[in-house]
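Novice: Structure incoming, see below.
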Amino acid sequence: MDYKSGLIPDGNAMENLEKQLICPICLEMFTKPVVILPCQHNLCRKCANDIFQAANPYWTNRGGSVSMSGGRFRCPSCRHEVIMDRHGVYGLQRNLLVENIIDIYKQECSSRPLQKGSHPMCKEHEDEKINIYCLTCEVPTCSLCKVFGAHQACEVAPLQSIFQGQKTELSNCISMLVAGNDRVQTIISQLVDSCRVTKENSHQVKEELSQKFDTLYAILDEKKSELLQRITQEQEEKLGFIEALILQYREQLEKSTKLVETAIQSLDEPGGATFLSSAKQLIKSNVEASKGCQLGKTEQGFENMDYFTLDLEHIAEALRAIDFGTDEEEEEFTEEEADEEEGVTTEGHQ
């Protein structure tokens, strides 16, 4: 049984297989050796080395001084980052299976007859294949067009040489673009890290600011409680003094009321001898009672508590002026301190 013929299908399947054997860098069929990346995509080792060198311009290859550190590049198919050791792309594993499939595919293609129309033909000369490239008009054409046709006065070159040259140029452009994409990806990663660090720093300063304001709130609450306690203490002392006076005056009023009642009863006494026996003492008691009205009194403005008034406008202004410090303010403050120290030093020498 011919196993090779069973491996290579016919028709469109051949074209699909060929697409799977195309290198994403040079856009041609893989050139041996073929290396397999950790992401399971394949590259020609030469193409892999080109994009590796483009992404790591300071890495020296086998021909130069040996670098003890590896490098990295991204797979052109999936953008997976490939990390190399000090051997570079020569440390990548060869994909022998793909190389064998390429050999079988080429054998099968060479054994098949060339299908009609598989090679591009000239539109002016239908039996002539396009085999040269007009450098003047920058279009592929045939030999008859150069000898007899529209491109007699044009400069031409072999189609294959121009084909290989432009393919090489395009491959170089792809390598440069892939390397550029790697640099852009690095910048994106740096910017993402910058966003993360910015958020972390913002959270940290917010926490610090909240703690400082909480400290201010605690100081204000403590001072408020202290001042309210002093007002309450003063109130209690004054009220105690006033209530003591009220008690004294009530006792005096009670004594005076009883004395008045006794005196009125004495006035109703019809007998002179009886009246006179108590009148002198009653008169003396009334005089003393009238003097008792001279008990202590509160001074004018005793009830006033205005001396506990606070002027907090300057503190309120200072609170409103709270703001974040700037580097310029810190520099000015440092310069002022330096000037003051210099002045003190000068005076000391004098």
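Cβ atoms are placed via backbone N, Cα and C, with glycine included.
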Novice: From CYS109, CYS145, grab the residue that Swiss-Prot records in the same Zn(2+) site as CYS122, HIS125, HIS151.
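Specialist: Record check against Swiss-Prot: Zn(2+) site with CYS122, HIS125, HIS151, extra candidate from CYS109, CYS145 is CYS145.
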Novice: Per DSSP, to which secondary structure element type does HIS151 (Zn(2+) binding site) belong, with helix, strand and coil as the options?
Specialist: coil
Novice: Rank the binding-site residues CYS122, CYS145 by how many other Cβ atoms lie within 10 Å of each Cβ and give me the one with the fewest.
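Specialist: If we count Cβ atoms within 10 Å for the binding-site residues CYS122, CYS145, the smallest count is at CYS122.
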Novice: Same chain, not part of CYS122, HIS125, CYS145, HIS151: whose C-beta falls within 8 angstroms of the C-beta centre of the Zn(2+) site? Give them in sequence order.
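Specialist: So the additional residues around the site are GLU124, GLU128, ILE130, THR141, CYS142, SER143, LEU144, LYS146, GLY149, ALA150.
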Novice: Mind giving me a neighbour count for HIS151 (Zn(2+) binding site)? Other Cβ atoms within 10 Å of its Cβ, every protein chain shown.
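Specialist: Around the Cβ of HIS151 (Zn(2+) binding site), 22 other Cβ atoms lie within 10 Å.
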